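Worksheet: one structure, shown below.
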Amino acid sequence: MVSVILPDLGTEILIPVCAIIGIGFSLLQWLLVSKVKLVPGPAATNNSGAAGKNGYGDYLIEEEEGLNEHNVVLKCAEIQNAISEGATSFLFTEYQYVGIFMVAFAILIFVFLGSVEGFSTKSQPCTYDPLKMCKPALATAGFSTVSFVLGAVTSVVSGFLGMKIATYANARTTLEARKGVGKAFIIAFRSGAVMGFLLAANGLLVLYITINVFKLYYGDDWEGLFESITGYGLGGSSMALFGRVGGGIYTKAADVGADLVGKVERNIPEDDPRNPAVIADNVGDNVGDIAGMGSDLFGSYAEFFSVGIIICLITTLFATDFFEIKAVKEIEPALKNQLIISTILMTIGVAIVSWVALPSSFTIFNFGTQKVVKNWQLFLCVAVGLWAGLIIGFVTEYYTSNAYSPVQDVADSCRTGAATNVIFGLALGYKSVIIPIFAIAVSIFVSFSFAAMYGIAVAALGMLSTIATGLAIDAYGPISDNAGGIAEMAGMSHRIRERTDALDAAGNTTAAIGKGFAIGSAALVSLALFGAFVSRASISTVDVLTPKVFIGLIVGAMLPYWFSAMTMKSVGSAALKMVEEVRRQFNTIPGLMEGTAKPDYATCVKISTDASIKEMIPPGALVMLTPLIVGIFFGVETLSGVLAGSLVSGVQIAISASNTGGAWDNAKKYIEAGASEHARSLGPKGSDPHKAAVIGDTIGDPLKDTSGPSLNILIKLMAVESLVFAPFFATHGGLLFKIF
């Protein structure tokens, strides 16, 4: 074994330092965002009396025409408070339910894993070396339970912090749009960066501290240590599932209700304050797209490269400080450049880390055999995952951005009605799966060839190594969407809404790119976890021709369809109640359409809240109970088939659903913006093609914001849950086959 340039002590110092730098940078970005005040009055100037950088010293409520409307600023603050209070109320209600689940499942983990050796406190021979003694199974049960709770709590906190940051920034983005699209972009992106760096750094720091505390007990027993740490990922992913599903049902119930009645039936703007569902819709953007996404991606970056925080920090400066957005057409390229720059810099960073922090060669265990891996081979594993992620991002952008022909073709299909729009959108989604799957396949082949299953895990790490940037551009979208809604509800000029719409349209694409990254990384993470499960369950081979495995394979491939059916129907049921309530208010409240009476926003918020809490339980139970039922009654071989089947079909459906929904959304915005002669020929708002586009967008909403993004959690969660319970399944599982 050759010594490394950077000693272990240097690595131990580097990781927490990078995490602390990430937290500090997020606080700095928050401080800059907070300089935009939500109260009328002049902003501070620098020492020379000139306006500060990025216009912070400008008199905030002065529009370019010289208008000075204090009441508009106050209205924006009022709307933001309503959205923030609604989102906070929903999350606290949701967390009460998931808290009960967390306690119950923690007890289950301890009982099941402790029973593997009859709750023995005696040390056991190590799996990798029978001559060495490892810590008892009861210790693994206890530490796995603790790490599960830590992962669950960190995931919940990640989602909550993301929501609070987004609701803090949305009205500030609206107000900055009065001074230009560039100023609004900076606020929205900086706010996204606050979330991205805070979540990435916190996740890294908590995991680092957890591993080092556990190591005080385990010492050199690395097998027991990392078996215990798997509970951390299980806790994070399980909370993410409920966050994504519950938040997705909430936001899409409100969105569908608001669109179908408001835009299609009543022909009023999307975020018109006369629409009773408009507050619930804006709340949903935060609890679904922000809180759910934060919890989701936390479950993926639990083993995140610390150097990625530094790389993403430098990359962020390109969008906020080095270059300035001056026109609408520059928004999307600026966001796309974030992905390119971070990928290039990260490749260089990983090469340096591989050289200074890794020995020139080392040995890994691959299903009982030893494999020698060079440090340059491990670098290539990271790099192939990193660049595969960029390819997936570019393909996603091509199929979901209205700057390219696929979405424009979908918009053009609206000429003949909603039916052709739906047909074109579905075809686009299916086609968009091809290149990402090839990218994932190449990543798997290359990384496995170099470093077996460990190489696949490292490739997944590479795909997520720029997660701080990914989270920033992902969170940017809902913040911009809310900013547009606030501008509409506050009665701001059409010109301001055009700017926020431009920000939102770019945000739709970046959100789709973020989902593409999450799905691609989920495939690699799940495959690596699958390999770990097979090893931990002592399965020699997984033979698909064996009946036990094949029945698991075909059932596993069905599970994503079952899960999607449940979540789609949940959105439909909740949306039906919302539509009925919105129609009732328009029909029974005198003066509502004329704008002389206020709608009952609270009832719509309650409908979304009640529906999401009720409807998130069955899909969550399906995912959480399947590995337990299959492992206990059918055994580890059948469970291995279930995991393989769900992985293969889940990735395809997730990519297709997310891209189809994103394309329908941006096709609608393409018609509404009317930025080209072709787009103007399909509009304006309220035209038949536009109504067809709204229907397509409404169908796509649950696909891209509920079912699609939840599927990547399904495949990860089932894999990590199976890994955690593998010793129990291997010892006590397969009851039906033992009986018969």
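Cβ atoms are placed via backbone N, Cα and C, with glycine included.
Look at TrEMBL and you will find 13-33 (among others) tagged as transmembrane segment.
Here TrEMBL flags 97-116 (among others) as transmembrane segment.
Listed by sequence, the residues of this chain that lie at least six past the ends of the transmembrane segment (136-163) yet keep a Cβ under 8 A from its Cβ atoms are 87-88, 91, 95, 98, 102, 105-107, 109-114, 116-117, 119-124, 195, 198-199, 202-203, 206, 210, 214, 217, 224, 227-240, 243, 286-287, 290-295, 298-299, 302, 475, 724, 727. Taken from TrEMBL, the feature transmembrane segment covers 136-163 (among others).
Residues or ranges marked as transmembrane segment in TrEMBL: 184-211 (among others). Counting same-chain residues at least six beyond the ends of the transmembrane segment (184-211), those with a Cβ under 8 angstroms from any Cβ of the stretch are 15-16, 18-23, 25-27, 29-30, 32-33, 36, 54, 147, 150, 154, 157-158, 161-162, 165-166, 168-169, 172-174, 176-177, 225, 229, 232, 290, 294, 297-298, 301-304, 306, 308-309, 312-313, 316, 319-320, 325, 331, 334-335, 467-476, 479-480, 483, 499-500, 503, 507.
Per TrEMBL, the feature transmembrane segment maps to 301-319 (among others).
The annotation transmembrane segment is assigned in TrEMBL to 339-357 (among others).
The transmembrane segment annotation in TrEMBL covers 377-400 (among others).
The list of residues near the transmembrane segment (421-446) in space but at least 6 beyond its ends in sequence, with Cβ under 8 angstroms from a Cβ of it, reads 380-381, 384-385, 388, 391-392, 395-396, 399, 406-407, 409-410, 413-414, 455-456, 459, 463, 516, 519-520, 523-524, 527, 651-652, 655-657, 659-661, 663-664, 667, 692-693, 695-696, 699-700, 703. Marked as transmembrane segment by TrEMBL: 421-446 (among others).
Summarising the annotation, TrEMBL assigns transmembrane segment to 452-473 (among others).
According to TrEMBL, the transmembrane segment annotation covers 517-539 (among others).
Per TrEMBL, the feature transmembrane segment maps to 545-563 (among others). With a threshold of 8 Å between CB atoms, the same-chain residues lying at least 6 positions outside the transmembrane segment (545-563) that come near it are 619, 622-623, 626, 630, 634-635, 637-650, 653-654, 707, 710-711, 714-715, 718, 737.
Counting Cβ pairs closer than 8 Å and at least 6 residues apart in sequence, the transmembrane segment (377-400) and the transmembrane segment (97-116) reach fewer than three and form no contact. Take the transmembrane segment (452-473) and the stretches 13-33, 97-116, 339-357, 517-539: counting Cβ pairs under 8 Å, 517-539 has the most.
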